[in-house]
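Engineer: Quick paste of what TrEMBL says about this protein:
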- 12-31: transmembrane segment (TRANSMEM)
- G20, A22, V23, N27, S287, N319, L384, D387, S388: Na(+) binding site (BINDING)
- 43-65: transmembrane segment (TRANSMEM)
- 99-115: transmembrane segment (TRANSMEM)
- C126-C135: disulfide bond (DISULFID)
- 202-222: transmembrane segment (TRANSMEM)
- 231-248: transmembrane segment (TRANSMEM)
- 280-301: transmembrane segment (TRANSMEM)
- 313-338: transmembrane segment (TRANSMEM)
- 372-393: transmembrane segment (TRANSMEM)
Amino acid sequence: MTAERGHWTGKCDFFFSALGFAVGLTNIWKFPYLCYKYGGGAFLLPYTFMLFLVGIPMFLVELTIGQFSALTPIKCFSNMAPVFAGIGITSFLESIKDIVSYNMIIAWSLYYLGLSFKSDLPWTHCGQDHNTHRCYSDTEKRFCIERNDSNVYFNGTCFDAAISEREGISEISPGERISASEEYMKHSVLGITSGLEELGTLQWRLVLSYFAAWVLIFLCLCKGIRSSGKVVYFTATFPYVVMVALLVRGVTLPGAMDGIRFYIVPQWDKVMNIKVWEQALAQILGSLSLGGGGLITLASYNRFRYNLIRDTWAVSLGNSFTSIFGGFAIFSTLGFMAHQLEVPVDQVARDGTSLAFIAYPELIAQLPASNFWAILFFLMLITLGLDSAFVIVENISSHIM
């Protein structure tokens with residue numbers, strides 16, 4: 001069975017595949033927000049405790065099961081005891097659910113990557129068909145004031161002071177502003193409607209992007225682990241290059257230190273809240289990709305005497321380092337956004353897709369050579385998504401074939 005299943009062809013193929021699978025989008029857009037929300041630097045206490053108590057041991061157990069059995073999750077659990085077959089079946093169904101959502105995020109990133117090659121980034125402006133009167137673009141506002149500091153900026157239009165006074169036009173207050181990038185994502189890209197009574201239309205641009213994401217995954221997995229094991233050398237390391245570049249640029253922006261302060265200043269009283277420990281455990285389980293069967297599938301391609309303990313420590317600690325390091329890049333950006341919008345940092349602190357497709361594009365619009373930074377950032381999101389997608393698809397296909 002082991003011979004038929006095959007092995008990794010390179011010495012580091014497994015390590016980079018496991019690292020890429022563990023280091024995913026949640027490291028970038030969820031961990032920093034959890035740190036901010038649940039005690040800042042104090043969150044690292046329950047997080048580190050759960051890492052060593054649950055994360056690293058479970059990571060090693062899953063890899064050991066896969067390497068020892070050289071089987072898919074369903075088969076290896078069935079061999080342990082027929083009653084355990086449901087564990088493998090559940091991981092298989094979980095993988096099907098996960099690949100749908102991961103591929104959608106890759107599709108959004110591909111779409112934004114294509115837009116990044118336009119000379120004028122479309123999410124930086126107000127006054128477009130999809131914008132509301134609450135739209136605010138700091139770039140346009142600064143350009144308006146530079147022309148005449150008495151001008152009034154409103155929804156992408158710069159009004160002369162006399163005209164604005166006569167027409168009763170005034171600037172939107174900071175608390176009511178909606179960034180141009182947020183309105184672009186919600187109204188132009190996703191086409192979000194007011195509710196179920198207004199269904200909206202199919203977004204064909206995203207349909208094509210979703211198809212392109214599947215084609216990209218197919219090309220990288222066309223030869224199974226022989227091809228994906230080489231692609232991950234790039235996809236697992238490229239995000240670190242981009243994070244370093246974004247952090248270096250982010251800390252030089254006004255307001256960056258305010259954002260970092262929100263991220264790291266400890267609030268020790270929150271450590272006594274059981275919810276904080278629950279979230280720390282959930283983050284460890286999610287960021288290390290535990291319980292989904294992917295780690296078992298990856299390790300099943302190892303040779304029987306491969307040194308798993310070394311890679312367990314390297315991947316687990318590397319995953320946590322990425323989360324903490326990425327938080328500095330994220331919150332330096334959020335501090336800058338809060339400074340530009342003239343609101344507290346907690347009003348712009350977000351997680352999930354709002355951070356990746358609203359907050360960061362807003363920052364990129366403020367940078368010199370914004371197209372270059374946009375291309376780098378969305379390439380990073382694509383590579384982070386692909387690393388996870390490779391393992392999920394491999395896990396699904398290994399059960400079917």
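Placed from the backbone N, Cα and C atoms, the Cβ positions cover glycine too.
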Engineer: Counting only residues 6+ away from its ends, which parts of the chain sit with a Cβ under 8 Å from the transmembrane segment (280-301)?
Structural biologist: 5-8, 14, 17-18, 21-24, 26-27, 30-31, 34, 38, 43, 46-47, 49-51, 54-55, 58-59, 62-67, 69-73, 76, 88, 91-92, 94-95, 98, 225, 308, 316, 319-320, 323, 388, 391-392, 394-395, 398
Engineer: Given the binding-site residues G20, V23, S287, L384, which one's Cα is the least distant from that of C135 (disulfide bond)?
Structural biologist: L384
Engineer: Hey, would you say the transmembrane segment (231-248) packs against the transmembrane segment (43-65), going by three or more CB pairs under 8 A that are 6+ residues apart?
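Structural biologist: Taking Cβ pairs at least 6 residues apart, the transmembrane segment (43-65) and the transmembrane segment (231-248) are not in contact, as fewer than 3 fall under 8 Å.
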Engineer: Within 8 Å of the Cβ centre of G20, A22, V23, N27, S287, N319, L384, D387, S388, which other residues of the chain have their Cβ, at the recorded Na(+) site?
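Structural biologist: Output for this site, in sequence order: L19, F21, G24, L25, T26, S289, T322.
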Engineer: Hey, of the recorded positions listed (C135, L384), which one tops the CB count within 10 A?
Structural biologist: L384
Engineer: For the transmembrane segment (99-115), I need the partner stretch with the highest count of C-beta pairs below 8 angstroms, choosing only from 12-31, 202-222, 313-338.
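Structural biologist: If we count Cβ pairs closer than 8 Å to the transmembrane segment (99-115), 202-222 scores highest.
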Engineer: Validating a neighbour-count step here. Other CB atoms within 10 A of the CB of G20 (Na(+) binding site): how many?
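Structural biologist: Counting Cβ neighbours of G20 (Na(+) binding site) within 10 Å gives 28.
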Engineer: What whole-number Å value do you get for the CA-CA distance of G20 (Na(+) binding site) and C126 (disulfide bond)?
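Structural biologist: Spelling it out, the Cα of G20 (Na(+) binding site) and the Cα of C126 (disulfide bond) are 37 Å apart.
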Engineer: Thinking of Cβ pairs under 8 Å, which stretch from 12-31, 202-222, 313-338, 372-393 has the most of them with the transmembrane segment (43-65)?
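Structural biologist: Counting Cβ pairs under 8 Å, the winner is 313-338.
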